[in-house]
Amino acid sequence: MREHTTPTNQEMQGREPRSSTPIQRNSIFNRTMRQRSKGKAKDTPEQNTHHPADSLENGQSVNEPLTLNSPQSRMLRWRIPKQPDPGAKRTSESSSTPGNGATPEECPALADSPTTLTEALQMIHPIPADSWRNLIEQIGLLYQEYRDKSTLQEIETRRQQDAEIHTNAHGSPASEETPEEEEDEEEEEDEPASPPERKALPQICLLSNPHSRFNLWQDLPEIQSSGVLEILQPEEIKLQEAMFELVTSEASYYKSLSLLVSHFMENERLKKILHPSEAHILFSNVLDVMAVSERFLLELERRMEENIVISDVCDIVYHYAANHFSVYITYVSNQTYQERTYKQLLQEKAAFRELIAQLELDPKCRGLPLSSFLILPFQRITRLKLLIQNILKRVEERSERECTALEAHKELEMVVKACNEGVRKMSRTEQMISIQKKMEFKIKSVPIISHSRWLLKQGELQQMSGPKTSRTLRTKKLFREIYLFLFNDLLVICRQIPGDKYQVFDSAPRGLLRVEELEDQGQTLANVFILRLLENADDREATYMLKASSQSEMKRWMTSLAPNRRTKFVSFTSRLLDCPQVQCVHPYVAQQPDELTLELADILNILEKTEDGWIFGERLHDQERGWFPSSMTEEILNPKIRSQNLKECFRVHKMDDPQRSQNKDRRKLGSRNRQ
């Protein structure tokens, strides 16, 4: 992949554009352009085509460095290789760009020159606004449909990659070239080159579905006719597809939001049924969210109209994430009350229930329920972060585009975290109040309710009677029930008493807990572990021998009580380069605080695994940890794919990047200048 950089908007404001890397007068590329301009002097010049030859005809001397400027003063500076890539295939006459006014016969240097992004840019013109607007209007998929198809395609792609490597590992190894084959290849080089194959499609191919009218970037008529696919490298095409998907998926999302507003929220019959306060809780600030999405989409459309080869979209994403996406935090923070109100309305108002069922049957909704529309903003802001990660994986390392993508990803990550915290804060406050009311302290009272405290896990365990050393089975009752409430900073040990109450008899700070697993103790002491309180409520050390109902329950308690202990597969102090991984193939909603909600196509590192079908894992894209059923996932067997996933994760979340720090300082300086 050839390196190239894009200047930021701040760099371009208030000063003349910097000249790009000069193209020498006697270079192959410059000779080609001069020959092309001579050929065009004989023929009728084409319209809507921009070439550097135009600047030569307009008075620029051939001795001056040739500067490449993209439309609307958005300059892209691509580095021109000094020497051709020895491994690059030479193009034939079929690889000449349609409509460029030059054939290999008229321009022999073109056939011999290396294919570069610079050449592609000379043949590219802006997309007509009407053409792009028609494409957006013809998008047929609702965002829910796009999201489902996209994630399923990602899963299938990984399955195919896993199967290919597995076949190669157990089948015949790739044959190495022999000297005879090398000689044959040298002879073939003298023959006319065969037409180049079309570049490989990116992973997400679902948009090419002819029934969805949701096409790939490389399927656009302007792209097909420009010949740019024969010049761009496969990785650059994948990057273009990743940026194009962000734009078109935003259009699909806006279409679904518009349907939510026009079909449901503004329905006159629904307005009469709902009280204004109920309507406000149900739809929240969706109008603000839709207005931001509309402006965001218009900005992305303008960028697309500048040039059919997209320069960047992450700078636009960064601007909106930093300045406008706070409307998502407001909407998502209301999710707890929204879900509760929606359920109450369905149960208590028959007119509401009947009208919603009738509206959902409309063909516009494609059989999707109102609830799928109400959750759209949270799904979109999360998906947007993943789309930026997909772009980040494909941009050149230490380039300006990587810097911009990292900044956009950081801002989106902050928005997503604020959304999650908003949802949790609402539910946690109610939960802590409920727990406080149920507790009766036999010891010194401990204040439970705190803004910085939340519940991690609660449940019943069996405590072994007598001291640790008296492991006898002759005791009338070997175990008795106790109930644990584990918060993020505190453990409270209770006994359940009549009236749905809990009597507290011990407690300890979470940081002063230690656990130890007992092994090979027989069936009676199976799933038993030791819990040590280094300093309990009486300022003494205490030890409890506890029995869980299953192996997974024991592991889950041990992981929650002592989160920094070493697990089966990985140490929490040092990451392994080849950690077992799974991908989610069935969505899962967490049932307990220590569980992890999974979305389709999520990739997770396995940190702990039990024999009864539970996994403790870390999701790569956000480092969230939790337990989930192994039946919801498939293991990734290919070590190369696992390694690639980890490398991409480290790249996305890398913090100590000097170029990124410089970009951040430059942005802060630009912000002060604007003020």
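Even glycines carry a Cβ here, placed using N, Cα and C.
Summarising the annotation, TrEMBL assigns compositional bias 'Polar residues' to 1-12 (among others).
Taken from TrEMBL, the feature region 'Disordered' covers 1-111 (among others).
What TrEMBL lists as compositional bias 'Polar residues' is 19-32 (among others).
Among the features that TrEMBL reports, compositional bias 'Basic and acidic residues' is placed at 40-54 (among others).
Marked as compositional bias 'Polar residues' by TrEMBL: 57-73 (among others).
Per TrEMBL, the feature region 'Disordered' maps to 162-198 (among others).
The compositional bias 'Acidic residues' annotation in TrEMBL covers 177-192.
Summarising the annotation, TrEMBL assigns domain 'DH' to 238-422.
The domain 'PH' annotation in TrEMBL covers 454-566. Computed over the domain 'PH' (454-566), the whole-number mean pLDDT of the model equals 85.
Counting residues per DSSP class in helix, strand and coil order gives 3 helix, 29 strand, 30 coil for the domain 'SH3' (577-638). What TrEMBL lists as domain 'SH3' is 577-638.
Here TrEMBL flags 653-664 (among others) as compositional bias 'Basic and acidic residues'.
Positions annotated as region 'Disordered' by TrEMBL: 653-675 (among others).
The annotation compositional bias 'Basic residues' is assigned in TrEMBL to 665-675.
Taken residue by residue, the domain 'PH' (454-566) breaks down under DSSP into 14 helix, 53 strand, 46 coil.
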